[in-house]
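Listed features, source Swiss-Prot:
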BINDING   K97, E145, F192, E193, Q194, M195, E196, E304, T305, S306, L307, G308  substrate binding site
BINDING   177-179, 187-192, 262-263, 308-311  ATP binding site
Amino acid sequence: MIRIEDIISLAKRKGFVFQSSEVYGGLSGVWDYGPLGIELKQNIQKEWWKNMVYSHENVVGLDSSILMRSEVWTASGHVESFAELLVDCKNCKNRFKIDSIDFSKGCPNCNSMGTFTDPRSFDLMFKTNIGAVEDSSNEIYLRPETAQGIFVNFRNVLDSTRLKVPFGIAQVGKAFRNEIVAKNFIFRTCEFEQMEMQFFVHPNQMDDWYYYWQQKRLNFFIEILGIKSDNLRFKEHKGDELAHYAKAAIDIEYKFPFGFQEIEGIHNRGNYDLSQHAKFCGKPKLFEYHDLISGDRYIPYVIETSLGLTRSVLMTLCDAYAHEELEGGDKRIVLRLHPKIAPYKVAILPLVKKDGLPELARKVFMQFSDDFYMFYDDNGTIGKRYRRQDEIGTPYCVTVDYDSIENKTVTLRHRDTMTQVRIPINDLYSYVRTEILNYKGVSDR
(Lines of atoms letter the chains of each structure in order from A and count residues from 1; the text may use other names and numbers.)
(Lines give C-alpha, C1' and ligand atoms only; values in the text may rest on other atoms or scores of the structure.)
Protein backbone atom coordinates (compact mmCIF):
# COMPACT_ATOMS: atom_id res chain seq x y z
CA MET A 1 0.00 0.00 0.00
CA ILE A 2 1.42 3.36 -1.04
CA ARG A 3 1.57 5.97 1.72
CA ILE A 4 1.32 9.69 1.04
CA GLU A 5 4.39 10.07 3.28
CA ASP A 6 6.41 8.02 0.76
CA ILE A 7 5.35 10.33 -2.06
CA ILE A 8 6.16 13.47 -0.07
CA SER A 9 9.59 12.09 0.83
CA LEU A 10 10.39 11.19 -2.77
CA ALA A 11 9.10 14.53 -4.06
CA LYS A 12 11.43 16.56 -1.87
CA ARG A 13 14.42 14.23 -2.00
CA LYS A 14 14.45 14.04 -5.79
CA GLY A 15 13.44 17.61 -6.60
CA PHE A 16 9.80 17.31 -7.63
CA VAL A 17 8.18 19.54 -4.99
CA PHE A 18 9.50 21.79 -2.22
CA GLN A 19 7.71 23.65 0.57
CA SER A 20 7.36 27.33 -0.35
CA SER A 21 9.49 29.71 1.74
CA GLU A 22 10.95 26.71 3.55
CA VAL A 23 13.97 28.60 4.90
CA TYR A 24 11.52 30.81 6.82
CA GLY A 25 9.47 27.93 8.17
CA GLY A 26 7.31 27.33 5.10
CA LEU A 27 3.89 28.60 4.06
CA SER A 28 0.92 26.30 4.55
CA GLY A 29 -0.86 25.27 1.37
CA VAL A 30 1.76 26.70 -1.00
CA TRP A 31 4.42 24.68 -2.83
CA ASP A 32 7.30 25.18 -5.26
CA TYR A 33 8.02 22.79 -8.12
CA GLY A 34 11.64 21.72 -8.42
CA PRO A 35 13.69 20.71 -11.49
CA LEU A 36 11.87 17.40 -11.95
CA GLY A 37 8.48 18.67 -10.80
CA ILE A 38 8.34 21.47 -13.35
CA GLU A 39 9.26 19.03 -16.14
CA LEU A 40 6.56 16.56 -15.07
CA LYS A 41 3.99 19.34 -14.76
CA GLN A 42 4.83 20.85 -18.13
CA ASN A 43 4.78 17.44 -19.82
CA ILE A 44 1.29 16.73 -18.44
CA GLN A 45 0.16 20.15 -19.61
CA LYS A 46 1.62 19.59 -23.07
CA GLU A 47 -0.16 16.25 -23.47
CA TRP A 48 -3.44 17.79 -22.29
CA TRP A 49 -3.10 20.65 -24.77
CA LYS A 50 -2.39 18.26 -27.63
CA ASN A 51 -5.36 16.09 -26.63
CA MET A 52 -7.81 18.96 -26.15
CA VAL A 53 -6.76 21.59 -28.68
CA TYR A 54 -4.59 20.08 -31.42
CA SER A 55 -6.79 16.97 -31.72
CA HIS A 56 -9.99 18.99 -32.22
CA GLU A 57 -10.40 21.40 -35.11
CA ASN A 58 -13.17 23.22 -33.23
CA VAL A 59 -11.22 23.91 -30.02
CA VAL A 60 -8.87 26.90 -29.66
CA GLY A 61 -6.72 28.26 -26.86
CA LEU A 62 -6.80 31.34 -24.66
CA ASP A 63 -4.64 32.81 -21.92
CA SER A 64 -6.75 35.22 -19.89
CA SER A 65 -5.41 37.38 -17.08
CA ILE A 66 -5.44 36.49 -13.41
CA LEU A 67 -6.70 39.96 -12.51
CA MET A 68 -10.12 41.03 -13.79
CA ARG A 69 -12.66 43.65 -12.85
CA SER A 70 -14.65 42.81 -9.74
CA GLU A 71 -17.88 42.96 -11.76
CA VAL A 72 -16.85 39.69 -13.40
CA TRP A 73 -17.05 37.91 -10.06
CA THR A 74 -20.26 39.64 -9.07
CA ALA A 75 -21.89 38.48 -12.30
CA SER A 76 -20.56 34.94 -11.97
CA GLY A 77 -22.03 34.60 -8.49
CA HIS A 78 -18.70 34.15 -6.73
CA VAL A 79 -18.95 37.32 -4.65
CA GLU A 80 -22.26 36.15 -3.25
CA SER A 81 -21.78 32.37 -3.17
CA PHE A 82 -18.06 31.58 -2.94
CA ALA A 83 -17.80 31.32 0.83
CA GLU A 84 -18.00 28.73 3.59
CA LEU A 85 -19.72 28.75 6.96
CA LEU A 86 -17.18 27.88 9.66
CA VAL A 87 -17.11 27.10 13.33
CA ASP A 88 -14.16 26.96 15.71
CA CYS A 89 -13.76 24.51 18.56
CA LYS A 90 -13.07 26.57 21.69
CA ASN A 91 -11.26 23.65 23.27
CA CYS A 92 -8.75 22.52 20.61
CA LYS A 93 -8.87 25.68 18.45
CA ASN A 94 -9.40 23.72 15.22
CA ARG A 95 -11.66 25.14 12.52
CA PHE A 96 -14.26 23.17 10.57
CA LYS A 97 -16.76 23.61 7.75
CA ILE A 98 -20.20 23.59 9.31
CA ASP A 99 -21.52 21.01 6.83
CA SER A 100 -18.72 18.57 7.74
CA ILE A 101 -19.66 18.26 11.42
CA ASP A 102 -22.20 16.11 13.22
CA PHE A 103 -22.81 18.35 16.23
CA SER A 104 -24.38 15.47 18.15
CA LYS A 105 -20.97 13.76 18.20
CA GLY A 106 -18.95 16.78 19.25
CA CYS A 107 -15.66 18.01 17.87
CA PRO A 108 -14.13 15.65 15.26
CA ASN A 109 -10.67 16.42 16.65
CA CYS A 110 -10.99 16.43 20.46
CA ASN A 111 -14.54 15.01 20.95
CA SER A 112 -15.56 17.94 23.15
CA MET A 113 -19.29 18.62 23.28
CA GLY A 114 -20.87 22.06 23.01
CA THR A 115 -17.59 23.90 22.48
CA PHE A 116 -18.23 25.40 19.05
CA THR A 117 -18.38 29.11 18.28
CA ASP A 118 -21.28 30.62 16.37
CA PRO A 119 -21.01 30.06 12.58
CA ARG A 120 -19.32 32.78 10.56
CA SER A 121 -18.79 33.27 6.86
CA PHE A 122 -15.33 32.72 5.41
CA ASP A 123 -14.57 34.25 1.99
CA LEU A 124 -12.68 31.85 -0.28
CA MET A 125 -11.48 34.59 -2.64
CA PHE A 126 -8.30 36.58 -2.10
CA LYS A 127 -8.86 40.34 -2.27
CA THR A 128 -6.35 42.97 -3.28
CA ASN A 129 -6.31 46.50 -4.65
CA ILE A 130 -5.15 47.82 -7.97
CA GLY A 131 -3.67 51.30 -8.02
CA ALA A 132 -1.71 53.45 -5.59
CA VAL A 133 -4.48 53.92 -3.01
CA GLU A 134 -6.35 51.18 -1.16
CA ASP A 135 -10.02 51.89 -1.62
CA SER A 136 -13.19 49.85 -2.12
CA SER A 137 -13.52 51.36 -5.60
CA ASN A 138 -10.33 49.64 -6.81
CA GLU A 139 -10.79 46.34 -4.98
CA ILE A 140 -10.26 43.27 -7.14
CA TYR A 141 -9.82 39.53 -6.62
CA LEU A 142 -7.28 36.90 -7.52
CA ARG A 143 -9.34 34.63 -9.74
CA PRO A 144 -10.74 31.55 -7.98
CA GLU A 145 -11.20 29.77 -11.32
CA THR A 146 -10.03 30.22 -14.91
CA ALA A 147 -13.45 29.73 -16.52
CA GLN A 148 -14.70 33.32 -16.29
CA GLY A 149 -11.82 34.61 -18.41
CA ILE A 150 -13.15 32.38 -21.17
CA PHE A 151 -16.76 33.50 -20.80
CA VAL A 152 -16.02 37.23 -20.93
CA ASN A 153 -13.94 36.62 -24.09
CA PHE A 154 -16.69 34.59 -25.79
CA ARG A 155 -17.43 37.26 -28.41
CA ASN A 156 -13.75 38.11 -28.99
CA VAL A 157 -12.89 34.49 -29.75
CA LEU A 158 -16.03 33.92 -31.83
CA ASP A 159 -15.42 36.97 -34.03
CA SER A 160 -11.66 36.50 -34.43
CA THR A 161 -11.75 32.78 -35.26
CA ARG A 162 -15.11 32.58 -37.12
CA LEU A 163 -15.82 29.32 -35.30
CA LYS A 164 -19.31 27.86 -35.36
CA VAL A 165 -21.18 26.15 -32.55
CA PRO A 166 -20.24 23.60 -31.30
CA PHE A 167 -16.78 24.86 -30.40
CA GLY A 168 -14.50 25.02 -27.37
CA ILE A 169 -12.06 27.41 -25.72
CA ALA A 170 -9.26 25.89 -23.64
CA GLN A 171 -6.77 27.44 -21.27
CA VAL A 172 -4.25 26.58 -18.60
CA GLY A 173 -3.65 28.96 -15.74
CA LYS A 174 -3.31 29.65 -12.06
CA ALA A 175 -6.21 30.14 -9.70
CA PHE A 176 -6.30 31.04 -6.02
CA ARG A 177 -8.57 29.97 -3.19
CA ASN A 178 -8.25 30.87 0.46
CA GLU A 179 -8.66 27.26 1.49
CA ILE A 180 -9.84 26.72 5.04
CA VAL A 181 -7.73 23.61 5.40
CA ALA A 182 -4.99 23.08 2.82
CA LYS A 183 -4.10 19.42 3.10
CA ASN A 184 -2.86 16.20 1.52
CA PHE A 185 0.34 17.68 0.15
CA ILE A 186 -0.31 19.32 -3.25
CA PHE A 187 -3.87 17.98 -3.57
CA ARG A 188 -5.60 20.96 -1.95
CA THR A 189 -3.65 24.21 -2.01
CA CYS A 190 -4.22 27.95 -1.94
CA GLU A 191 -2.45 28.48 -5.27
CA PHE A 192 -2.98 25.91 -8.00
CA GLU A 193 -3.20 25.43 -11.76
CA GLN A 194 -6.22 24.39 -13.78
CA MET A 195 -6.54 23.00 -17.29
CA GLU A 196 -10.04 23.90 -18.42
CA MET A 197 -12.09 23.79 -21.58
CA GLN A 198 -15.49 25.42 -22.05
CA PHE A 199 -17.41 23.81 -24.91
CA PHE A 200 -20.31 25.82 -26.37
CA VAL A 201 -23.23 23.85 -27.81
CA HIS A 202 -26.82 24.23 -28.95
CA PRO A 203 -29.12 23.43 -26.00
CA ASN A 204 -30.63 20.50 -27.92
CA GLN A 205 -27.18 18.90 -28.31
CA MET A 206 -26.16 19.20 -24.66
CA ASP A 207 -26.78 15.58 -23.63
CA ASP A 208 -24.80 14.06 -26.52
CA TRP A 209 -21.78 16.30 -26.01
CA TYR A 210 -21.93 15.93 -22.24
CA TYR A 211 -21.56 12.16 -22.63
CA TYR A 212 -18.88 12.56 -25.32
CA TRP A 213 -16.64 14.63 -23.08
CA GLN A 214 -17.05 12.25 -20.14
CA GLN A 215 -15.64 9.38 -22.19
CA LYS A 216 -13.03 11.52 -23.87
CA ARG A 217 -11.66 12.77 -20.58
CA LEU A 218 -11.57 9.32 -18.95
CA ASN A 219 -9.65 7.96 -21.93
CA PHE A 220 -7.09 10.75 -21.58
CA PHE A 221 -6.02 9.50 -18.16
CA ILE A 222 -5.79 5.87 -19.22
CA GLU A 223 -4.41 6.13 -22.76
CA ILE A 224 -2.30 9.30 -22.62
CA LEU A 225 -1.11 9.57 -19.01
CA GLY A 226 -1.01 5.80 -18.45
CA ILE A 227 -3.09 5.85 -15.25
CA LYS A 228 -4.33 2.47 -14.05
CA SER A 229 -8.02 2.17 -14.93
CA ASP A 230 -8.80 0.46 -11.59
CA ASN A 231 -7.78 3.66 -9.82
CA LEU A 232 -10.33 5.80 -11.68
CA ARG A 233 -14.08 6.12 -11.36
CA PHE A 234 -16.98 8.43 -12.17
CA LYS A 235 -18.98 10.07 -9.39
CA GLU A 236 -22.15 11.97 -10.28
CA HIS A 237 -23.22 14.94 -8.18
CA LYS A 238 -26.60 14.87 -6.49
CA GLY A 239 -28.87 17.90 -6.64
CA ASP A 240 -27.77 19.31 -3.30
CA GLU A 241 -24.10 18.85 -4.25
CA LEU A 242 -24.23 20.96 -7.40
CA ALA A 243 -22.40 24.27 -7.64
CA HIS A 244 -24.52 27.38 -8.10
CA TYR A 245 -23.81 27.45 -11.84
CA ALA A 246 -24.33 23.76 -12.67
CA LYS A 247 -27.32 21.88 -14.06
CA ALA A 248 -25.44 18.58 -13.82
CA ALA A 249 -21.94 17.50 -12.86
CA ILE A 250 -19.86 14.36 -12.81
CA ASP A 251 -16.36 13.96 -11.40
CA ILE A 252 -13.56 11.69 -12.46
CA GLU A 253 -12.04 10.54 -9.20
CA TYR A 254 -8.64 8.97 -8.57
CA LYS A 255 -7.80 6.59 -5.75
CA PHE A 256 -5.15 8.50 -3.81
CA PRO A 257 -3.50 7.02 -0.70
CA PHE A 258 -6.06 9.06 1.27
CA GLY A 259 -9.02 7.72 -0.72
CA PHE A 260 -10.95 8.50 -3.91
CA GLN A 261 -10.92 12.24 -4.64
CA GLU A 262 -11.85 14.45 -7.58
CA ILE A 263 -9.20 14.91 -10.23
CA GLU A 264 -11.44 16.38 -12.95
CA GLY A 265 -14.95 17.77 -13.09
CA ILE A 266 -17.22 17.66 -16.15
CA HIS A 267 -20.08 20.11 -15.73
CA ASN A 268 -23.23 21.07 -17.58
CA ARG A 269 -23.18 24.81 -16.85
CA GLY A 270 -26.23 25.47 -19.01
CA ASN A 271 -26.23 29.09 -20.17
CA TYR A 272 -25.78 30.41 -16.63
CA ASP A 273 -22.44 32.17 -17.11
CA LEU A 274 -23.11 33.75 -20.49
CA SER A 275 -26.58 34.86 -19.36
CA GLN A 276 -25.18 36.39 -16.19
CA HIS A 277 -22.54 38.39 -18.04
CA ALA A 278 -25.10 39.45 -20.65
CA LYS A 279 -27.29 40.75 -17.83
CA PHE A 280 -24.62 42.46 -15.73
CA CYS A 281 -22.65 44.13 -18.53
CA GLY A 282 -25.83 45.31 -20.28
CA LYS A 283 -24.70 44.00 -23.68
CA PRO A 284 -26.77 40.85 -24.26
CA LYS A 285 -25.96 40.54 -27.97
CA LEU A 286 -22.29 39.94 -27.15
CA PHE A 287 -23.25 36.59 -25.66
CA GLU A 288 -25.69 35.45 -28.33
CA TYR A 289 -24.85 33.08 -31.13
CA HIS A 290 -26.44 33.63 -34.55
CA ASP A 291 -26.77 30.47 -36.63
CA LEU A 292 -26.60 31.76 -40.21
CA ILE A 293 -28.05 28.55 -41.64
CA SER A 294 -31.14 28.20 -39.44
CA GLY A 295 -31.44 31.85 -38.54
CA ASP A 296 -31.69 30.97 -34.83
CA ARG A 297 -30.32 33.29 -32.18
CA TYR A 298 -29.60 31.79 -28.79
CA ILE A 299 -27.24 31.80 -25.84
CA PRO A 300 -25.21 28.58 -26.09
CA TYR A 301 -25.09 26.01 -23.32
CA VAL A 302 -21.68 25.18 -21.91
CA ILE A 303 -19.97 21.90 -21.05
CA GLU A 304 -16.95 22.43 -18.85
CA THR A 305 -14.05 20.05 -18.38
CA SER A 306 -11.88 21.20 -15.48
CA LEU A 307 -8.73 19.27 -14.55
CA GLY A 308 -6.37 20.21 -11.75
CA LEU A 309 -2.84 20.32 -13.16
CA THR A 310 -1.18 20.31 -9.76
CA ARG A 311 -3.45 17.47 -8.65
CA SER A 312 -2.44 15.63 -11.81
CA VAL A 313 1.20 15.79 -10.74
CA LEU A 314 0.28 14.12 -7.45
CA MET A 315 -1.88 11.55 -9.24
CA THR A 316 0.87 10.52 -11.65
CA LEU A 317 3.42 10.23 -8.84
CA CYS A 318 1.08 8.07 -6.76
CA ASP A 319 0.08 5.89 -9.70
CA ALA A 320 3.64 5.32 -10.91
CA TYR A 321 5.29 4.75 -7.53
CA ALA A 322 6.32 1.21 -6.61
CA HIS A 323 8.62 -0.38 -4.04
CA GLU A 324 9.92 -3.65 -5.47
CA GLU A 325 11.64 -6.68 -3.98
CA LEU A 326 14.15 -8.05 -6.49
CA GLU A 327 16.02 -11.33 -6.79
CA GLY A 328 18.86 -11.75 -4.37
CA GLY A 329 17.18 -9.63 -1.71
CA ASP A 330 17.79 -6.36 -3.53
CA LYS A 331 15.17 -3.61 -3.50
CA ARG A 332 14.34 -0.66 -5.67
CA ILE A 333 11.95 2.28 -5.77
CA VAL A 334 10.67 2.86 -9.28
CA LEU A 335 8.43 5.49 -10.86
CA ARG A 336 6.71 3.90 -13.84
CA LEU A 337 5.74 7.19 -15.44
CA HIS A 338 4.55 7.11 -19.02
CA PRO A 339 7.61 8.08 -21.09
CA LYS A 340 5.69 11.00 -22.62
CA ILE A 341 5.46 12.71 -19.24
CA ALA A 342 8.66 11.46 -17.57
CA PRO A 343 10.99 14.39 -16.74
CA TYR A 344 13.98 12.74 -18.41
CA LYS A 345 13.43 10.46 -21.37
CA VAL A 346 16.93 8.96 -21.50
CA ALA A 347 19.96 8.86 -19.22
CA ILE A 348 23.38 8.52 -20.84
CA LEU A 349 25.83 6.60 -18.66
CA PRO A 350 29.51 6.12 -19.61
CA LEU A 351 30.80 2.97 -17.91
CA VAL A 352 33.97 4.72 -16.69
CA LYS A 353 35.40 8.24 -16.80
CA LYS A 354 38.36 7.38 -19.04
CA ASP A 355 39.54 5.73 -22.25
CA GLY A 356 37.37 7.90 -24.49
CA LEU A 357 34.04 6.67 -23.07
CA PRO A 358 32.91 10.09 -21.73
CA GLU A 359 33.66 11.69 -25.10
CA LEU A 360 31.63 9.08 -26.98
CA ALA A 361 28.85 9.32 -24.40
CA ARG A 362 28.64 13.07 -24.98
CA LYS A 363 28.26 12.47 -28.71
CA VAL A 364 25.43 10.02 -28.04
CA PHE A 365 23.87 12.60 -25.72
CA MET A 366 23.86 15.18 -28.50
CA GLN A 367 21.79 12.87 -30.73
CA PHE A 368 18.83 13.43 -28.44
CA SER A 369 19.34 16.87 -26.95
CA ASP A 370 17.24 18.78 -29.51
CA ASP A 371 14.14 16.63 -28.97
CA PHE A 372 14.34 15.03 -25.53
CA TYR A 373 15.27 16.24 -22.07
CA MET A 374 18.30 14.11 -21.19
CA PHE A 375 20.39 13.28 -18.15
CA TYR A 376 24.12 12.60 -18.14
CA ASP A 377 25.55 10.70 -15.17
CA ASP A 378 29.09 9.37 -14.74
CA ASN A 379 29.18 9.17 -10.94
CA GLY A 380 29.04 5.84 -9.06
CA THR A 381 28.65 2.23 -10.11
CA ILE A 382 26.39 1.49 -13.05
CA GLY A 383 23.98 -0.33 -10.74
CA LYS A 384 23.59 2.67 -8.46
CA ARG A 385 23.08 4.92 -11.46
CA TYR A 386 20.31 2.64 -12.72
CA ARG A 387 18.60 2.83 -9.33
CA ARG A 388 18.78 6.63 -9.29
CA GLN A 389 17.12 6.81 -12.69
CA ASP A 390 14.46 4.25 -11.72
CA GLU A 391 13.51 6.41 -8.74
CA ILE A 392 12.88 9.52 -10.85
CA GLY A 393 11.06 7.70 -13.63
CA THR A 394 13.60 7.79 -16.48
CA PRO A 395 12.30 5.11 -18.88
CA TYR A 396 15.56 4.33 -20.71
CA CYS A 397 19.21 4.21 -19.66
CA VAL A 398 21.96 4.00 -22.28
CA THR A 399 25.32 2.62 -21.19
CA VAL A 400 28.40 3.48 -23.24
CA ASP A 401 31.11 0.86 -22.68
CA TYR A 402 34.29 -0.42 -24.34
CA ASP A 403 32.30 -2.39 -26.93
CA SER A 404 30.72 0.91 -27.93
CA ILE A 405 34.08 2.13 -29.17
CA GLU A 406 34.85 -1.08 -31.04
CA ASN A 407 31.52 -1.90 -32.70
CA LYS A 408 29.53 1.37 -32.35
CA THR A 409 26.76 -0.15 -30.24
CA VAL A 410 25.37 0.72 -26.80
CA THR A 411 23.34 -1.08 -24.14
CA LEU A 412 19.80 0.23 -23.64
CA ARG A 413 18.06 -0.72 -20.38
CA HIS A 414 14.28 -0.57 -19.95
CA ARG A 415 13.14 0.88 -16.62
CA ASP A 416 9.99 -1.22 -16.22
CA THR A 417 11.43 -4.66 -16.93
CA MET A 418 15.16 -3.95 -16.38
CA THR A 419 15.83 -5.91 -19.58
CA GLN A 420 18.74 -4.82 -21.74
CA VAL A 421 19.26 -4.79 -25.50
CA ARG A 422 22.27 -3.96 -27.63
CA ILE A 423 21.57 -1.28 -30.26
CA PRO A 424 23.73 0.38 -32.93
CA ILE A 425 24.40 4.00 -32.03
CA ASN A 426 23.07 5.16 -35.39
CA ASP A 427 19.73 3.43 -34.68
CA LEU A 428 19.39 4.57 -31.07
CA TYR A 429 17.37 7.73 -31.62
CA SER A 430 14.75 6.07 -33.84
CA TYR A 431 14.53 3.10 -31.46
CA VAL A 432 13.81 5.28 -28.42
CA ARG A 433 11.36 7.43 -30.32
CA THR A 434 9.43 4.34 -31.45
CA GLU A 435 9.45 2.93 -27.91
CA ILE A 436 7.94 6.13 -26.53
CA LEU A 437 5.25 6.31 -29.20
CA ASN A 438 4.30 2.64 -28.77
CA TYR A 439 4.41 2.54 -24.98
CA LYS A 440 1.30 0.76 -23.73
CA GLY A 441 0.92 2.53 -20.43
CA VAL A 442 0.92 1.41 -16.84
CA SER A 443 -2.63 0.06 -16.95
CA ASP A 444 -1.81 -2.42 -19.73
CA ARG A 445 1.42 -3.87 -18.36
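Positions of Cβ are set from backbone N, Cα and C atoms, glycine also.
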Just to verify: the residue among Q194, T305 with the fewest other Cβ atoms within 10 Å, which of the binding-site residues is it? Q194
Determine, to the nearest whole angstrom, how far the Cα atom of C190 (ATP binding site) is from the Cα atom of L307 (substrate binding site). 16
What three-state secondary structure does DSSP assign to L309 (ATP binding site)? helix
List, in sequence order, those binding-site residues among R177, E179, R188, I263 whose Cα sits within 10 Å of the Cα of E196 (substrate binding site). none
Cβ-Cβ neighbours of R311 (ATP binding site) (radius 10 Å): 23
Write out the long-range same-chain contacts of I263 (ATP binding site), meaning residues 6 or more apart in sequence whose Cβ is under 8 Å from its Cβ. F221, D251, I252, E253, Y254, L307, G308, R311, S312, M315
Listed in sequence order, the residues of the same chain lying six or more positions from R177 (ATP binding site) whose CB sits under 8 Å from its CB are L124, M125, F126, P144, C190, F192
When each of the binding-site residues C190, L307 is scored by other CB atoms within 10 A, the minimum falls on C190
Counting only residues 6+ away in sequence within the same chain, which have a CB under 8 Å from the CB of K97 (substrate binding site)? E84, L85, L86, I180
Which value in Å gives the longest Cα to Cα span across the substrate site residues K97, E145, F192, E193, Q194, M195, E196, E304, T305, S306, L307, G308 as recorded? 27
T305 (substrate binding site) sits from R188 (ATP binding site) (Cα to Cα, rounded, in Å) at a distance of 18
